[in-house]
Every structure is written in structure tokens, then in C-alpha cells.
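Over in TrEMBL, the protein carries these features:
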DOMAIN    A:69-262  domain 'ABC transmembrane type-1'
TRANSMEM  A:7-28  transmembrane segment
TRANSMEM  A:72-94  transmembrane segment
TRANSMEM  A:103-125  transmembrane segment
TRANSMEM  A:137-160  transmembrane segment
TRANSMEM  A:185-206  transmembrane segment
TRANSMEM  A:243-262  transmembrane segment
């Protein structure tokens with residue numbers, strides 16, 4: 001590759017990084033602006049202030065933000081956990097066993113994952129009100145399974161197909177007990193795939209907005225994305241732009257950390273399930 | 001598949017395939033038992049509500065006046081389909097879908113090419129960067145773009161040379177849609193580019209070399225070798241993104257709240273059900289949206305021969 005074309009790929013790479021970081025950098029910058037600075041029309045704050053973070057973590061907006069953060073973390077973790085356990089059983093069967101209905105399992109999970117979420121919200125809104133699940137954690141965990149479970153089945157099946165399962169038998173031939181073979185051979189082989197699936201499923205649940213605003217009404221269960229939408233008008237004297245930005249930065253940090261730690265596996269998980277030649 | 005129907009096939013099949021041993025039957029039963037919980041949960045959380053929505057759509061039913069609930073047959077559908085609000089929402093949805101998916105395909109392809117050719121030292125950094133828009137909450141990216149173009153907090157009017165300083169982007173239809181589409185494109189192009197990148201990796205290197213030796217230009221190689229060989233990946237990416245774009249909701253809710261005629265079909269369903277408590281009409285809109293999504297999926301799978309099930313089975 002000639003020096004000139006190498007330089008061009010560097011330019012292209014730089015452009016991609018700029019493209020990806022630009023709105024993120026903007027929201028970070030906005031979160032560090034003082035209220036008087038918000039309409040200065042410039043990208044960067046003229047002076048860095050932490051008062052937006054104080055406002056949402058200890059100040060008046062914390063009553064809105066902190067319960068929402070707790071709800072989001074709790075509900076998404078539960079929905080991810082249930083989905084990964086159920087999907088692991090299912091994906092193991094699809095990848096390893098011969099039984100009728102495999103295509104049905106994959107087809108159903110694909111169909112569900114492409115489903116418009118809003119179509120499920122309409123009836124759930126009514127049913128949840130009738131049976132008392134409206135505005136509860138369970139009332140969100142259950143519909144979140146419609147997001148996390150199909151993706152987990154699909155992704156885990158792709159991962160499990162890559163595992164050399166013969167190694168389990170080989171270990172048993174070498175004298176390992178079934179439990180040992182599972183712990184020492186299968187868990188290390190399957191672990192990364194399961195972890196990646198859990199991360200992607202968690203991202204999807206964390207991202208949900210439709211269920212969040214439709215099936216909750218108070219801080220008892222309202223997750224962060226929905227709470228952000230309700231920041232508007234929370235304080236009557238100033239636009240909640242700074243508070244929203246600070247909250248947005250806080251909920252973005254865990255996502256960025258996970259991406260930094262697991263980028264290679266996440267890319268594999270996202271593409272393996274979809275494009276398998 | 002439910003547990004009751006799953007036990008039926010083996011006895012019928014047994015005479016035809018006498019080699020199908022007890023062991024194989026046991027394996028089949030274990031397989032179905034392992035899948036049963038996940039399948040039952042899927043059917044319960046999606047299948048049941050959808051049937052309920054179909055049922056609800058046949059009634060004139062408003063939550064504020066539950067006693068007046070009455071059967072109207074397809075009346076709600078007639079009502080929705082004869083209203084210009086529905087057609088406006090459908091038009092907005094189709095417009096956003098077509099524009100964003102087309103732009104994302106081109107842009108995503110460019111990103112995939114850069115990543116594919118980038119030096120291996122750069123690749124991890126690029127991969128991390130590209131995952132960030134994918135992983136960021138849609139609502140957060142919607143706020144970022146809204147504040148960027150907002151009249152008080154924004155800076156775009158000062159940065160863009162051909163734009164008047166007091167342009168209210170969210171005041172009119174065209175400009176609102178442009179910002180909504182921009183935010184949607186920013187957030188979802190990385191996903192397309194990752195799918196296309198894995199498609200690029202499947203193009204045989206020898207073919208590229210052979211074409212190069214034969215004197216094909218870069219553009220010729222792209223059109224005759226690269227793109228035909230990654231058609232499957234392109235189609236899968238298109239299918240996923242089209243269906244995803246068609247249910248657009250978050251961006252519109254945060255940026256315009258449906259103002260300036262920017263309401264999408266999903267937003268219309270939300271507004272009818274959750275805000276106006278018109279369960280009957282909202283259900284009808286939901287059912288229509290589901291039918292539209294199913295039609296798009298069928299069109300892709302039958303019309304463009306996107307073989308999703310086959311592509312996964314080939315992996316065995």
C-alpha cells in the first residue's frame with residue numbers, strides 16, 4: 001500500500017471517529033455549561049461547571065433522576081438475566097440437538113424481534129391496568145422480555161454453533177467428571193458468548209422508551225429514557241437542558257465502558273446472528 | 001411449539017424410519033423441552049397481546065367511558081383508513097424509512113470500506129468508536145440533536161453558512177424531518193456498517209486479486225466483484241433497518257412531539273391509546289402497523305429472496 005493511500009485511510013478513520021463522537025461530545029459539553037451559558041451559541045462552555053450534575057444527583061431534580069436510574073438498572077438487569085437463562089437452554093438445544101421445530105424457534109424469535117413494540121403496548125396498557133401491573137417493575141420486565149429474549153436466542157445460537165462441543169467428551173474420556181467437564185471446558189468456551197449476548201440484550205432494554213413511557217406513570221417504575229422526557233417542565237424557571245444533558249451523560253457512561261471492554265465480542269455478536277454465510 | 005403438539009410426530013414417523021432409535025427420540029424430546037420455556041414466554045408476551053389488540057380493534061372502546069364499549073366490527077379500520085391523519089402518518093413513516101435507509105446504506109458502506117482497509121493498528125479504535133452511536137440510548141441522541149438545532153441552546157444556525165440565524169428547525173415540516181432523519185441516521189448507520197463489514201470479509205480475496213490482475217478499475221471491481229458477492233449481507237442489513245425505521249417513535253417524540261405534521265404511525269398509535277385512551281382506534285392503528293411490517297418482511301423474503309432461516313442453517 002502506497003504512502004498516499006495510507007494517509008487517506010487515516011483521514012477516513014479520523015472522519016469516522018469524529019462522526020461517532022460529535023453528538024456525544026456536544027451533550028457532554030452541554031452538561032458542563034452554566035444556565036447563563038446555555039444560549040451562548042457555541043459548542044463549548046465558556047466556563048466548566050458541575051452544577052447540572054449536582055442538580056440531578058443531590059439537588060431538586062434528583063427526585064426524578066435517581067429513582068429512574070434505580071428502576072432502569074434493576075429492570076434491565078432482571079429482564080436480561082431471565083432472557084439469557086431461557087435463551088441459553090433454547091440455543092443449546094438448537095445448536096446441539098436434533099429435533100423438529102428448530103426452524104420454528106429461530107423463525108419465531110426473528111419475527112418477534114422485528115415486531116413493532118408499540119403494537120404490544122396498546123393491549124398491555126389496558127391489561128396491566130386491569131391486573132395491577134401498571135407502573136410496577138414486573139410490568140416492565142415482562143414486556144422487556146419481548147426485546148431481550150429473541151435477540152438472546154438468535155445471538156447465543158450463533159455463538160453456540162461455533163463451540164467445539166467434542167472437547168467436553170474428550171475431557172470426560174481423560175477422566176473428568178461431568179461437572180468438571182462442564183466447569184473447566186464448557187463454561188470457558190461458552191462464557192464469552194453468554195457475556196456478549198447479555199451485554200447486547202442489556203443495551204436493547206436500556207434503550208427502551210416506548211414501554212417506559214406507556215406502562216409507567218410515577219417514579220415507582222419509570223426508567224431513565226422516559227424520565228428524561230419528563231424532565232421538561234420539571235423546573236418552571238429555566239429550561240431543563242443542562243439537567244437532561246447531565247443525566248444523559250451519566251446513563252451513557254456505563255454503555256461506553258462496556259463497549260470499550262467488549263468491543264470485539266460485541267461486533268461478533270451483532271453480526272454473527274444476522275449474517276451467517 | 002407447545003408441549004402437547006410436540007409429542008405427536010415421533011410415533012407417526014417411527015415406522016418410516018426404523019433407525020430412529022429411542023436415543024434420537026429422547027434427544028428430540030430434550031430439545032423441545034429446552035426450547036419450551038423460551039417459546040412459551042415469547043408467545044405469552046407477544047402472541048397474546050397481539051390477539052388482544054386484534055380483538056380490541058373490533059370495539060368502539062374509550063377508557064374514559066368503559067360502559068359505552070360496543071362491537072363495531074371493522075368500523076375502527078374504516079374510520080382510521082378514511083382519515084387523512086393516518087395517511088399523513090403513513091407518508092411520514094415511509095418517507096423517513098426510505099430516506100434514512102438509503103442514506104445509511106451508502107454511508108454505512110463507506111464506513112465499512114474504511115474499516116475494512118484501515119491499518120490493523122487503527123481497527124480496534126474504529127470498532128470502539130462505531131459502537132458508541134449504536135449503544136447510546138435513542139432518546140439521548142434525540143436530545144443531543146434537538147439541542148444542537150434548537151434556537152436557544154443550539155449552535156447549528158451559526159455554524160451552517162447558508163442558514164439564517166433565526167431559522168426554527170422544528171417550526172416546519174421539512175426542516176423537522178431533516179433533523180429527525182439526521183439523528184436516526186447517526187444512530188443506526190454503525191449497525192448497518194458492521195453488517196456490511198462482515199459481508200465484505202466474505203468476498204473471496206482471490207476474486208479481487210484476479211480482477212486486479214485483469215486490469216479492472218476500482219469502480220469495476222466494486223460493481224462486478226464486491227457488491228454481487230456481498231448481496232446477502234446487504235439484503236439482511238436492508239431488511240433489519242427497514243423494519244426498524246418503520247417503527248420510528250423515540251426521535252419524533254423527543255424532537256417534535258408530532259408537531260408540524262411529523263407524526264409517524266407508531267406515534268399515532270401511542271397518541272390514540274395512551275394519551276387519548278381510545279383503545280379501539282389505537283388498537284386498529286397498531287394492527288395496521290403490524291400488517292405493514294409483516295408485508296415489508298414478506299416482500300423482502302419473497303421478493304428479494306432474503307434467506308434468513310437458510311443462512312443460519314448453512315452455518316451448521
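Each residue, glycine too, has its Cβ placed from N, Cα and C.
Counting Cβ pairs under 8 Å to the transmembrane segment (A:243-262), the top-ranked stretch among A:7-28, A:72-94, A:103-125, A:137-160 is A:7-28. The stretch in A:7-28, A:72-94, A:185-206 that contributes the largest number of Cβ pairs under 8 Å to the transmembrane segment (A:137-160) is A:72-94. Long-range contacts of the transmembrane segment (A:7-28) within the same chain, counting only residues at least 6 positions beyond its ends with a Cβ under 8 Å from a Cβ of the stretch, are 43, 245, 248-249, 252. Counting same-chain residues at least six beyond the ends of the transmembrane segment (A:185-206), those with a Cβ under 8 angstroms from any Cβ of the stretch are 72, 75-77, 79-81, 83-84, 87-88, 144, 147-148, 151-152, 155-156, 159-160, 162-165, 167-168, 171, 176, 251, 255, 258, 262, 265-266, 268-270.
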